[in-house]
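Enquirer: Residues or ranges marked as active site, proton donor in TrEMBL: E250, E498. The active site annotation in TrEMBL covers D384, E522. What TrEMBL lists as Ca(2+) binding site is T609. TrEMBL lists C448-C484 with the feature disulfide bond. According to TrEMBL, the feature transmembrane segment maps to 20-51.
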Amino acid sequence: MAKSALRRRRGTRKSSGSFLSNAGFLPALLGACVLIVIGLAGGILMGLMAFSGTKSDFSLRKPLEPILSLSRKNSVVSHTDERSTQGANAGSAAQVVDDGIINKEDFLNHEPIIGNQGAFPYHQQLVEQDHDFFSFKPQGGGRFDEYKHGNSPYSYSPGESDALARSRRYHIKKAMQHAWTGYETYAFGKDELKPKSMKGDNGWGGIGITLVDSLDTLWLMDMKDEFYRARDWVKNHLDHNIYKAVSVFETTIRSLGGLLSAYDWSGDEVFLDQALDLGSRLFKSFNTPTGIPTSQVNLATGQSKNIAWTGNSAITAEFGTLQLEFRMLARLSGILDYKEKSEHIYKLMNDMHPAHGLYPYFIRNQGNKPEFANNKLTFGAMSDSFYEYMLKIWLQGGRKEQFYRDMYDKSMQGMFDELLQVSSPSGLVYIADKNNGVLDTKMDHLVCFMGGLLALGAYTDPLGLHSERAQRDLKTAKAITYTCYQMYARMETGISPEYIQFFPGKDFQSGRGAPHYLLRPETVESFFILYHLTGDPIYREWGWEVFQAIERYCRTAAGYGSLKNVHLPDIEPEDKMESFYLAETLKYLYLLFDPETPVDLLHKHVFNTEAHPMRIFPIMDEEGVMDLLKQ
């Protein structure tokens with residue numbers, strides 16, 4: 001059934017069928033609808049104008065066109081608006097390699113070079129459909145130094161890399177087809193595929209994690225036959241009534257988020273029905289005296305508990321990364337408790353008044369009031385997506401709930417004050433950890449999502465993109481993303497380890513005991529977001545380099561496996577394919593190279609932390625009203 005038809009049926013769900021079918025009321029109803037739509041249309045248009053920065057900007061810009069690219073319609077010189085804010089550096093014509101930045105103060109005072117060093121020089125030839133990825137050889141790090149500190153030095157016109165991107169997009173889709181065929185052949189309906197032994201694994205309880213996590217990737221890549229076979233499995237075989245304690249966080253972001261996104265894109269109520277069932281089971285973890293959910297819940301009995309190894313504490317990134325999904329579920333179900341209790345978590349956290357807006361990653365979840373259980377600060381594992389959702393909840397609600405934006409801005413300021421660092425000798429910008437007040441100069445691969453988050457925060461800053469704060473955040477977004485690219489480029493396989501450790505005078509090396517790669521998405525996530533917002537083709541070049549390395553070293557006969565050691569080019573992949581490789585890594589890469597993408601980060605969609613895009617609430621309102629009028 002066509003998406004528009006299914007969406008119209010969704011509108012009917014919110015109304016009384018008997019009222020709509022009563023001929024006596026129909027003329028009055030239609031007249032009222034027209035008046036309502038006219039009134040709402042004006043409000044919606046004004047709201048969308050506000051999203052785009054100014055009213056005049058909205059009338060000129062295509063939906064997916066970045067704010068900074070307004071001048072690109074008639075000129076090959078990009079970033080005209082951004083360059084105008086940069087001062088004396090805008091006139092420099094020399095290529096920037098050594099800009100003298102050796103510490104954080106230098107970096108924060110640095111005015112980036114924008115679009116004045118000639119045409120973009122790194123475009124390559126179109127990729128043939130029979131391209132040999134086995135011949136890929138990493139070229140090493142230290143390249144593209146001119147991008148290191150937030151510079152965008154070259155000019156480019158919109159769409160100039162699109163033909164090349166389409167030739168690369170073909171291979172990203174082929175990779176997804178390869179991974180999905182292996183999963184469908186050897187593990188269909190299982191939680192994960194073992195890509196070497198060609199078997200299925202049900203380590204998540206047997207709820208089809210990979211299948212559900214991949215639904216919107218299949219949809220966005222126009223793999224509709226595969227999508228509808230997966231849909232039939234969801235309808236006929238997916239059963240959440242399992243006697244097993246599952247991770248509330250992982251099941252929410254992967255399964256619930258996957259079902260909600262699949263419903264939002266396809267309109268098929270099979271996914272909504274399953275989301276309503278799963279959400280009601282997960283929500284039982286919220287029944288605690290503190291209001292902070294437990295880490296695990298038994299999907300059959302509703303019994304919940306925290307994880308023993310945390311000392312029965314709750315993990316900040318886990319309970320702080322449920323809100324997008326439960327707010328969406330509340331909107332679709334009409335059950336306001338989902339919204340209110342998930343939002344209350346953020347109010348509880350804000351009331352704890354952490355220093356610098358930075359939250360330790362363990363929260364004591366006993367008694368009647370949550371308390372900090374440690375003093376370990378990080379934007380990596382166990383804290384990361386809590387900061388992500390501060391911004392994204394605000395975006396999901398149409399940028400009206402200022403409470404969340406204020407939390408986000410305060411936390412970002414704390415990050416700049418307490419954790420942002422610059423390495424030596426290369427001057428790489430990174431975000432460190434802090435344990436009990438002592439700096440730990442490591443950075444997880446997980447932290448690489450911050451490039452995209454800071455850029456998204458800058459482009460939506462209420463103070464405007466040209467404000468000092470937004471320019472600082474955008475510059476830092478680009479600089480961190482360059483460092484994350486170097487995490488790949490400097491390794492023997494061209495693939496990043498799980499985390500890196502910085503040492504004075506030596507920059508970084510892979511973290512001790514963590515030279516592995518789990519097919520993680522965070523770096524290519526930032527490539528996608530930065531390209532989507534700025535149009536700078538360098539992010540496509542870096543993304544293609546990363547994809548080639550994955551194809552070369554992680555591909556198996558039936559799928560893709562993680563790497564045990566990124567320093568050993570001759571090592572074989574491991575027998576594990578994470579669901580987020582299909583849900584996130586391949587999706588972000590595909591969107592990076594998709595000139596025709598329907599995804600619109602600035603005006604229409606918000607991604608959950610598992611890369612499941614859903615419409616923001618004002619767009620749902622607008623399209624819901626239009627569907628009602630059609631009826």
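Cβ coordinates are placed from backbone N, Cα and C, and glycine is handled just like the others.
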Enquirer: How far is it from C484 (disulfide bond) to E522 (active site), counting Cα to Cα, in Å?
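Expert: Between the Cα atoms of C484 (disulfide bond) and E522 (active site), the distance comes to 9 Å.
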Enquirer: List only the single closest residue to C448 (disulfide bond), chosen from the recorded positions E498, E522, T609 by CA-CA distance.
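Expert: Result: the closest of the recorded positions to C448 (disulfide bond) is E522.
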Enquirer: Expressed to the nearest Å, what is the distance separating E250 (active site, proton donor) and E498 (active site, proton donor) at their Cα atoms?
Expert: 19
Enquirer: Using DSSP reduced to three states, classify C448 (disulfide bond) as helix, strand or coil.
Expert: helix
Enquirer: If you measure E498 (active site, proton donor) to T609 (Ca(2+) binding site) at Cα, how many Å is it?
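Expert: T609 (Ca(2+) binding site) has its Cα 18 Å from the Cα of E498 (active site, proton donor).
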Enquirer: Around E250 (active site, proton donor), how many other C-beta atoms are within 10 angstroms of its C-beta?
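Expert: 18, counting other Cβ atoms within 10 Å of E250 (active site, proton donor).
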